[in-house]
Amino acid sequence: MAIREKVFDVIISCFKRHGAEVIDTPVFELKETLTGKYGEDSKLIYDLKDQGGELLSLRYDLTVPFARYLAMNKLTNIKRYHIAKVYRRDNPAMTRGRYREFYQCDFDIAGQFDPMIPDAECLKIMCEILSSLQIGDFLVKVNDRRILDGMFAICGVPDSKFRTICSSVDKLDKVSWEEVKNEMVGEKGLTPEVADHIGDYVQQHGGVSLVEQLLQDPKLSQNKQALEGLEDLKLLFEYLTLFGIADKISFDLSLARGLDYYTGVIYEAVLLQTPVQPGEEPLGVGSVAAGGRYDGLVGMFDPKGRKVPCVGLSIGVERIFSIVEQRLEALEEKVRTTETQVLVASAQKRLLEERLKLVSELWDAGIKAELLYKKNPKLLNQLQYCEEAGIPLVAIIGEQELKDGVIKLRSVASREEVDVRREDLVEEIKRRTSPALCIC
């Protein structure tokens, strides 16, 4: 939890820096709200037992509840973040940070704005957060649903199979093209020629030059949807360059994002393992953030079908927690689980009253302080407790100190002791323990 709180602090301060408000929604939704929004993943939704009354399900993500919230409250624009737990009937993989109950951290911009400006800000936020968390090098893959759909159309995929072929393409980051092709042909009924045609496209990735190249592609540029997507991506890359993050972004035609509700730009951030051999491409170790544009979702919940365009991102914090935890274990760093600045201790017996008076003074002044719950604790035991709990300072009371109106302030790490006048103690403790901003 100590690590989590630090990760959340970094994320929330970034969301607030970009002007977001915070909302919350119930942990369950009407079953019908969630039905038909997640494609092949719908089987992972937890349904609550039917006990009469409405049929309810646990939320699967925070995006669909957000769209329902916008429609119910007739909101046409909002910039919001939401951090909460979601539930999936998945096979957990603890080491990879994959659970059945896990946190999502979402940031979304809803409203009618000029193309690609909010989208670019979402990518900027993703890069800011991943950089501040210092979890290693990352790459953000970007694509557009319209380019994918246009590509499927010109390759000869029937309309009814777009979504299911999409979820096959989405597996390319985990398995080889051969396996994906076999699934398309064997299980999903495409002809090998159509599959190969798709393969020619989805194995390409690059920067803005690939966007330019595809705008010249005789077939793809004839498809209206794909053309719109490519022109938007070209604009997006201009804004990303201005935001100083274009070098972190890769246009990747294999990125499909399995969810049904995306309508435009989609993106996913992956951590890169350092190349094993010089000259090798760095390997992705899995997605740590993702998102995209979904312009039709709110309309599904509005009785009049009024659309509210939305774009957003989700930070995969569970993944990040497990990476930070593993890193700290490797460094054999002990994580402090409390924030106590000072332990109030006594060097002699019969000083409990004085300790209670002093610790109360410190609490009232906003200092995080503790004392041992014994009448006459041994000084050694008190110092040992500080070592174990990582408490940096000890305020020691003794008979002589009381006579002189001072407190002996001891640094646990250096073992240096100085006498501080009682009225200056609070300031001295604050000066010595001003928080260092660091994730670990």
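Glycine residues also receive a Cβ, built from the backbone N, Cα and C atoms like all the rest.
According to TrEMBL, the feature coiled coil maps to residues 321-348, out of the candidate ranges 153-180, 265-292, 321-348. Residues 1-4, 7, 94-97, 133, 135-136, 271, 288, 354-355, 358-359, 362, 367-372, 376-377, 379, 382-383, 385-386, 389-399, 408, 429, 433, 439-440 of the same chain sit 6 or more residues outside the coiled coil (321-348) yet have a Cβ under 8 Å from a Cβ within it. In sequence order, Asp170, Ile266, Glu268, Ala290, Gly292 constitute the residues six or more apart from Arg257 (L-histidine binding site) in its chain with CB-CB distances below 8 Å. Cβ-based neighbour count (10 Å, all protein chains) for Asp61 (L-histidine binding site) stands at 19. There are 26 other Cβ atoms within 10 Å of the Cβ belonging to Thr63 (L-histidine binding site). Summarising the environment of Gln104 (L-histidine binding site), the number of other Cβ atoms within 10 Å of its Cβ, over all protein chains shown, is 19.
When the Cα positions of Asp61, Leu62, Thr63, Arg88, Gln104, Asp108, Arg257, Tyr261, Tyr262 are compared pair by pair, the longest gap among these L-histidine-binding residues is 22 Å.
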